[in-house]
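Engineer: Quick one: the structure is below, questions incoming.
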Amino acid sequence: MVDLESEVPPLPPRYRFRDLLLGDQGWQNDDRVQVEFYMNENTFKERLKLFFIKNQRSSLRIRLFNFSLKLLSCFLYIIRVLLENPSQGNEWSHIFWVNRSLPLWGLQVSVALISLFETILLGYLSYKGNIWEQILRIPFILEIINAVPFIISIFWPSLRNLFVPVFLNCWLAKHALENMINDLHRAIQRTQSAMFNQVLILISTLLCLIFTCICGIQHLERIGKKLNLFDSLYFCIVTFSTVGFGDVTPETWSSKLFVVAMICVALVVLPIQFEQLAYLWMERQKSGGNYSRHRAQTEKHVVLCVSSLKIDLLMDFLNEFYAHPRLQDYYVVILCPTEMDVQVRRVLQIPMWSQRVIYLQGSALKDQDLLRAKMDDAEACFILSSRCEVDRTSSDHQTILRAWAVKDFAPNCPLYVQILKPENKFHIKFADHVVCEEEFKYAMLALNCICPATSTLITLLVHTSRGQEGQQSPEQWQKMYGRCSGNEVYHIVLEESTFFAEYEGKSFTYASFHAHKKFGVCLIGIRREDNKNILLNPGPRCIMNATDICFYINITKEENSAFKNHDHQKKSNVSRSFYHGPSRLPVHSIIASMGTVAIDLQDTSCRSASGPTLSLPSEGNKEVRRPSIAPVLEVADTSSIQTCDLLSDQSEDETTPDEEMSSNVEYAKGYPPYSPYIGSSPTFCHLLHEKVPFCCLRLDKSCQHNCYEDAKAYGFKNKLIIVAAETAGNGLYNFIVPLRAYYRPKKELNPVILLLDNPLDDLLRCGVTFAANMVVVDKESTMSAEEDYMADAKTIVNVQTLFRLFSSLSIITELTHPANMRFMQFRAKDCYSLALSKLEKKERERGSNLAFMFRLPFAAGRVFSISMLDTLLYQSFVKDYMISITRLLLGLDTTPGSGFLCSMKITEDDLWIRTYARLYQKLCSSTGDVPIGIYRTESQKLTTSECREIASQSQISISVEEWEDTKDAKEQGHHRSNHRNSTSSDQSDHPLLRRKSMQWARRLSRKGPKHSGKTAEKITQQRLNLYRRSERQELAELVKNRMKHLGLSTVGYDEMNDHQSTLSYILINPSPDTRLELNDVVYLIRPDPLAYLPNGEPSRKNSICNTTGQDSREETQL
């Protein structure tokens, strides 16, 4: 067999410069073949195609030249008509023959030759195998009609005056214009041009129709009225506009037929063009078009990126963003992948928003859409997560990709990102400001258990308000509450401040107290020039410098304030004549107006003991020494500061030997050994010496280490905190750490029970009957609903069930939508709640952003929505320090030397202080604490309708009360003679008005007839107990029977002790003259105990340094 490889001749060597350098060795074994690619592009046809068609710039020039030729031909036709003298007679020869001068004929022939040559050349280059497809094209036919007669007239001179419908070249000009615009858009890489193209096509089509009709009517009327071009133009405009005056009409049948044909063409062509234009307009309205580059370079704008835009989210953003005066000229560009909602479209059509808000439908992951939004020129980009999705992790993943895409496209654009899960935070550490929802949510829920209504306090601080809410209300608490809600956090450099400039070189507590006394502002923290960290209440040892940035709470910032000095006598008269009672308004009267605030400066001189603001104890008793308050020193004196030694176990936990033996839990202070997620702030807290086995964490199941199966069996000394959540996520770390913070004494640490499901049996086993607080976290699986506001339905109904079963339980609930807070602790016949609902509607009509603030559950801190903290991210655009301050207040961040938020309760022993200013002075001079607000609880007044309802049900109340008194007497083992005493003791827990109504009903029953026998009275009593017992008694009986069935003790379950007749609210930075009331809870920012060590003296005890709701507390002598 012949070897085929041996028959193939070797390739000749190809000498290259490399071969000459390497010698013969380089090419002897080189069997490579040089291949030239794209050889077909080197042909003459391909080069012409590249020049005329493929190349964008050269093709654009060719089409522009062709367009100019067509316009020139039409212009020459008009010149021919104007130069022609109207001929006499009505012969048909005037239709086919015209008068054309020789120079004009020469120009028209030249144009025709060039146009025909170009048309044939382009047809040849675009030929794809079907010649009839090229010949039967309308542009080619029109070109033949308009060019061939002129070329023939070159060889046949008698045809030089033949009429040629050159005016039809306007349609060829329109075709060339369309191609030219397409090439132009390809050359400049502009893709969003469909709307412009369609408008251009519509206009050019309309012009071509009018021009064709004008020229056709004028030519056909050469044998009729001999109309000129102007008359033809007038006739066409009148006809196409459907006016039809009738003064100019065609006479010949040919011109009439031509008009009919043109109208039919217009009726077919124009509606199609208008339909396409309307469709593109609607699509552009959906997508939003573009944000112009010129506007982006001359005006400022921010971009809001969201997965889906809801009306509540939009209004919260717009109201908070435009609440700041310097942002009024900003534009807001919304970039959303979904179509605009109907409600959103309705809102954006309001003139106030339509001029400043631009909606673009697009994705942040596409550079084209980011270019449409001009992201590289934006002042900021807000990226919000969709919290209504079932899979919140997936929502975070989308947010992370959006943040990466924006950072890649516009590296210099500041990013404000909202994330849901804390474990996803480290992916967006590059963002300028980040708010993690679960971090803030669980931290606020935890602090609500320690400092009541912390969620309401933070919400009011991060909302922009003018403090005008509730000022039209007749109730005093609503006026004070609404007025104080206008306080916000502001900043100013100390040397530039009127408030704080005089305190340079003095201690922080001295500056804070005297600024509040003189101006009514509350100095809460500073930031050094050489340090980026904010220090909340750095303590009395901190000396103020001129370059320090001061952070303070006030109704408005200092730059918008005007200062007016008044003499002391005039001010005293004003205070006596206008303000009376314990809840009067401030003497310094901070009056808010449009952009400015007038502050009447208080007199800093000491008040006399006989003044109307302070009623000191009587001096009649010689043995009682008048209480006094030490002045706040300009420079801290170590001996005058009585700090709590929180690092010493002996000083903080002074327990008796019996308590030490009963408590087998040992704690040590340190940092948690494990971090649940990357980016969590290390917090110094109480830790167990040994890790508890996992099996011991199950409360409802016994293990080899213990045999307890319910919370009662553990014998906890402190009340429980129950957390009802769907899953045990990493966010719970931020709930547990504040409850185990190092500054909390060991004896006050509450056991925390996590309840992943809340049926009644599990609630009873985990000790709900003797729990201090129950925290209900919004369920993630219920956040997605067909109707948005129904996402909270399950949570609301479950909490309402708990509220009815355990009325004395303090329940703290998180909801998705703030509007659903009105359903918390819902009572259909509560007239007071209905009045608050009307007040909320009025405040919303007045333009308030905090209309929901007067709802009793929110004011008392029993409910909040995490969506209300969205304003924290929006405020950070103007106040870049707000996120840091909020994290410090909530304990999410711990900066060395920065204080922490805590609370104290005013007892009867503390009422001698009497005013908020004296309390401020006492705290600053003794412990260095800075108060920032008051949580006050008052009795709710019953309305007239409620009193009528009580009166109408007096007989039922009598029977119920006697039945309860008999039952309590039997359970406690008392005799019938002690019935009255037991009744009075039980009633002491009730509100005052209800107790008086029960006593009146009891006296009324004693005056009734007593001639019936004991048997009949007993039967009547049993009937009343069975058929007329209250709903609350039925619920209580249900709970007790269930507890007995589970083997649980019913001792401690108090079904009648509730707080439905009380209302609570917050006064942020109240006036110095605000009187303290019993059971007031004062919010404090306490200095960091780790910043300095005490002098070894045991901390003294008093009742002013107590934390709320505890029996044994650390105290400081007042």
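The backbone N, Cα and C atoms fix where each Cβ goes, and this holds for glycine too.
Copied straight from TrEMBL:
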COMPBIAS  1000-1013  compositional bias 'Basic residues'
COMPBIAS  1101-1110  compositional bias 'Polar residues'
DOMAIN    299-435  domain 'RCK N-terminal'
REGION    962-993  region 'Disordered'
REGION    1000-1019  region 'Disordered'
REGION    1094-1118  region 'Disordered'
TRANSMEM  64-83  transmembrane segment
TRANSMEM  103-127  transmembrane segment
TRANSMEM  139-159  transmembrane segment
TRANSMEM  199-217  transmembrane segment
TRANSMEM  258-281  transmembrane segment
Engineer: Would you kindly check 103-127, 139-159, 258-281 and say which stretch has the most C-beta pairs under 8 angstroms to the transmembrane segment (199-217)?
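Structural biologist: Counting Cβ pairs under 8 Å, the winner is 258-281.
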Engineer: For the transmembrane segment (139-159), what are the same-chain contacts with Cβ under 8 Å, counting residues 6+ beyond its ends?
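Structural biologist: Here the qualifying positions are 73, 105, 108-109, 112-113, 115-116, 119, 123, 165-166, 168-169, 171-172, 175.
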Engineer: Of the residues in the domain 'RCK N-terminal' (299-435), how many are helix, strand and coil by DSSP?
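Structural biologist: Helix, strand, coil within the domain 'RCK N-terminal' (299-435): 59 helix, 28 strand, 50 coil.
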Engineer: When you scan the chain for residues with a C-beta under 8 Å from the transmembrane segment (103-127), skipping those not six or more beyond its ends, what do you find?
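Structural biologist: Residues 45, 48-49, 52-53, 62, 66, 69-70, 72-73, 76, 79-80, 83, 134, 139-140, 143-144, 146-148, 150-151, 153-154, 160, 164, 166 contact the transmembrane segment (103-127) from elsewhere in the chain.
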Engineer: State the mean pLDDT for the domain 'RCK N-terminal' (299-435).
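Structural biologist: Within the domain 'RCK N-terminal' (299-435), the model's average pLDDT equals 90.
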